[in-house]
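Record features (TrEMBL):
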| type | residues | note |
| --- | --- | --- |
| DOMAIN | 333-397 | domain 'SAM' |
| DOMAIN | 404-477 | domain 'U-box' |
| REPEAT | 50-91 | repeat 'WD' |
| REPEAT | 93-134 | repeat 'WD' |
| REPEAT | 146-167 | repeat 'WD' |
| REPEAT | 235-276 | repeat 'WD' |
| REPEAT | 277-311 | repeat 'WD' |
């Protein structure tokens, strides 16, 4: 069985990544923070949250000893933190200044690798915290990375669908087209298989992608023959793009998370599904097993992290659904559901007022400036604006759940629907606030091309704004 034992709901935006050490759990989010919890009681450590990044944090990982934590962000940096007191040990700027999507420590803590949106790979020396080597893939953004258990090589996955194997000199050892629509994650089992007769070391690797598939691979490593990647089989447990996958510490199980909002646990000896966990209400973006422990963490765009206890002594029982709960549409929310939403939006002071006025989901979506002023008697202009903004954000999320937003309507920096698009000197359109923050952070390069911006001038893109407004009107009819 897999039992939900705890839910963390401290992030104010999408959870992008979870990572375990032997004693802690780290989570990071679009809200620009990294949070660290004790595994004893899941309480947040005194120095958490870690607030150093100026944009969304995409990935976090512990060093093998657990004494350091790395996190990487759209701001183009990988930060290294001391897990004892939360001090910043280093701010590593990607050589290309491109948004950093993934970071990983090597098993022996010699290196830290960071991969960016422009395809650049940086290998950092963890002793000096200086750049050791750098390279890049031919096409696509780097979105996935995993080290071999012996640290002799690492694998990167790109948005164009390639898996690339590198040695510690940044030489490309192997390249394979793995997922036609793009790789989203990869992981290598910490338990190698050694063939004493031939002197080969076999490593199990899993990759997942936008094609809804999880592929299992064998990596053959021999000193005399180099590295070879061989396809093993495919797992088809999801009905939508798979965003995350990870091996259990003993290499016997694999967990995956998907756009279909499910977490699936597989038994690798048979390829069968052990559990399908459907507690999350939005895309599952990350999932990971704890080292030498029955704990599993899954994070989602619903802003929560679920902690599961997996009973490793139970035999396979086929496809089971644990804690299955149907997602309730906002218009069907009860008054209690609205109260819970208010607390989550830091609007707990309004819970009593909303309850007295019997505000359920349908009433919530119909609230306007006039009703907040005249009916609910909310005198504070700032509070009214905050409530309306949160309701507007809720409508946007409902819309994005229901339909695919055209990519040209999404800000390249935040990946959210633009409200006030502007054209920068690179010719691309961005959300005004996001681009102004980019420039205020003394960045003078394009978020899209990494080339210098000839001017900081931002021009309103009224045509795009009108197109977004028309599209919203058609979706809301």
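Including glycine, each Cβ sits where the backbone N, Cα and C put it.
Mapped onto DSSP classes, the repeat 'WD' (50-91) shows 0 helix, 23 strand, 19 coil.
Taken residue by residue, the repeat 'WD' (235-276) breaks down under DSSP into 0 helix, 23 strand, 19 coil. Within the chain carrying the repeat 'WD' (50-91), a Cβ under 8 angstroms from the stretch's Cβ atoms is held by residues 13, 16-24, 26-36, 97-105, 107-109, 112, 114, 116, 122, 124, 126, 129, 413-414, 437, 441, 443, all 6 or more beyond its ends. Taken as a whole, the domain 'U-box' (404-477) shows an average pLDDT of 85 in this prediction. When DSSP labels each residue, the repeat 'WD' (146-167) comes out as 0 helix, 14 strand, 8 coil, counted as helix, strand and coil in that order.
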